[in-house]
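As given in TrEMBL:
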- 13-73: domain 'Peroxin/Ferlin' (DOMAIN)
- 32-60: region 'Disordered' (REGION)
- 39-57: compositional bias 'Basic and acidic residues' (COMPBIAS)
- 83-116: domain 'Peroxin/Ferlin' (DOMAIN)
- 123-176: region 'Disordered' (REGION)
- 137-152: compositional bias 'Low complexity' (COMPBIAS)
Amino acid sequence: MAHPAPSNEDALGERRGFTVYENQRWYPLRGWSSSLLPTDRDPYSDRSGKQPLKKDGFPLPPGYHWITQWEAEINETDTDGEGWSYAVDFPASYHAKKTATSMVRRRKWQRVAERRRAATHVPLTGTGDDFVDAGGPNATARSDAAPAAPIAHCDSDVPLPVQPDQRVHQDTTAAPDRQFESLLAKFAHEDS
């Protein structure tokens with residue numbers, strides 16, 4: 001399945017908005033249903049109704065992850081209180097209120113994804129003696145070693161050593177870029 005391209009107004013730098021339309025048809029004895037006629041659009045589609053989409057299992061471009069949940073767009077002029085717009089048939093002129101001739105309806109769902117940041121490669125200078133092994137199967141005890149330092153985590157899987165006076169809180173939502181830049185500045189200052 002192709003990855004739907006966000007519209008220009010949805011592109012927010014490293015964040016992108018994605019839209020899916022939910023489509024239903026009115027059946028007099030059953031009410032509203034996502035079981036549509038063979039000539040209708042799919043239960044979930046793009047705005048034109050030509051590209052079938054999935055709300056659950058929506059395919060994101062490589063490197064992106066969701067940062068919000070799906071939310072129905074609700075506004076006073078184009079939708080009812082649940083986000084539905086009504087029409088005689090697909091595609092037709094949609095309006096906010098169901099009338100006696102409303103046989104189809106659609107609802108616009110939106111969700112935001114963000115590109116995962118790639119780990120920045122920083123070449124390390126110095127010898128292995130500059131770092132303390134904080135534990136694990138290859139840990140070694142050294143009498144001249146400083147006490148084991150706490151570990152700060154960035155967007156990468158590589159832990160960074162932190163001096164005890166710069167202890168990083170366990171809150172993993174702290175700004176890792178600022179932590180990383182602070183560590184780089186400290187190491188650059190110590191080398192001077």
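Keep in mind that glycine also has a Cβ here, set from the backbone N, Cα and C atoms.
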> For the compositional bias 'Basic and acidic residues' (39-57), what are the same-chain contacts with Cβ under 8 Å, counting residues 6+ beyond its ends?
Replying inline: 1-2, 4, 19-25, 70, 90-91, 104, 109
> Under an 8 Å Cβ to Cβ limit, what residues of the same chain, 6 or more beyond the ends of the domain 'Peroxin/Ferlin' (83-116), are close to it?
Replying inline: 12, 14-26, 32, 40-41, 48-49, 55, 58, 60, 63-74, 76-77, 155
>> Quick check on the compositional bias 'Basic and acidic residues' (39-57): DSSP residue counts for helix, strand, coil, in that order please.
In response: 0 helix, 3 strand, 16 coil
